[in-house]
Ligand code: S3P
């Protein structure tokens, strides 16, 4: 087991550029493979999850060049109908994004394929994609009959549907939209509120006809249902993509800069797509100081440099349509809340229970061990800030975001914190601990 010990930090100072956005990196391979011509993606995230996507598409007959030193990939696309039947089960590792979005593409193929991942993936819910793909005419079977992977998928001959998704999930939405590329007629997905829209933006950039707008139906308590629609059989053309830094990775430095007194950090080149940037709103709402220094556009994706200064934070309420815009940042927001004055309520976030770990249970156990006052709820947490934490032995639960959140908590805690299975940061941020050390 890898254990990482982290001491309390005095103050954090310096500049940091985080690796490329994970969601956009995955999609650059997926759409690059289905496009005609080459797609070059720079500032690509060379982490375990994105390498799982690369290896799956290689199994499907796509030639992908990787330059790991330069963080660049070139995907030699074969067009919408150029994938080949894999000879073995497609291994998606720990990646829910690969598993769910790739399943949508496989549903559009006439060949049969099987898809499976690691022990965590094998417990994550797949009914959310099995149902719509089946409705579109694909055969999707959970081989153990538990609505999880391994899945056997065969399809082709799909028809477009108007799908009302019970969850605001970009993985579900993207899965259906990619299947929709192969369907007869248009396909739409309406979600309870807008989840990250990288697939819609990138599909459009590659030449597909995609619309995305607030849906007319049932506007309820802070939620605006959102509808994305795609036309089938687009002529996708390879693109040059410069991937912005991942705000989900930047979140650890934002949180650390805010809670460690005397800190000032410039986080450069961070994607601030509004469907991802909820943490900035929450941090400001808690009294945090974050200055957007320079804002620019990268192929429809907004990016900026962020200057973060330490501040005394206070509690807040996080709920409704804000949740999908910061779903992966909630573990580190819980750390900020534990260091703040007053009570923070996080609700409408039951999705946390079905991520790489049950993040409500994981963060509750870990932050309690460090002296926080935290109550788990069915759809979130209530955290009463005690203003101080103490070092403890905590667990990553093999969840990269839990490990990195606990590293941030450690910086603000009295004494030493030991994180068990700390190496799981390889999933999304292989150089995380080294980058953190540069600021201490
Ligand atoms: C992702 C979507 C989110 C997020 C995940 C990446 C994506 O999952 O938690 O880390 O790239 O589409 P859901 O869409 O299921 O919420």
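Placed from the backbone N, Cα and C atoms, the Cβ positions cover glycine too.
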- One of 213, 347, 359 listed by TrEMBL as binding phosphoenolpyruvate at the site of 22, 96, 124, 171, 401: 359
- Query: Taking only the binding-site residues 27, 124, 171, 359, 401, which have a CB closer than 6 angstroms to any atom that belongs to ligand 1?
  - Reply: 171
- So which binding-site residues out of 22, 96, 124, 171 end up within 10 angstroms of residue 355 (3-phosphoshikimate binding site), measuring C-alpha to C-alpha? 96, 124
- On the Cα atoms of 22, 23, 27, 169, 171, 328, 355, which are listed as binding 3-phosphoshikimate, what is the maximum pairwise distance in Å? 19
- Rounded inter-Cα distance in Å - residue 27 (3-phosphoshikimate binding site), residue 171 (phosphoenolpyruvate binding site): 11
- Cα nearest residue 401 (phosphoenolpyruvate binding site) among binding-site residues (23, 169, 328) -> 328
- For the binding-site residues 23, 169, 171, which Cβ has the most other Cβ atoms within 10 Å, all shown protein chains included? 23
- Proximal residue to residue 169 (3-phosphoshikimate binding site) among binding-site residues 22, 96, 124, 359 (C-alpha distance): 96
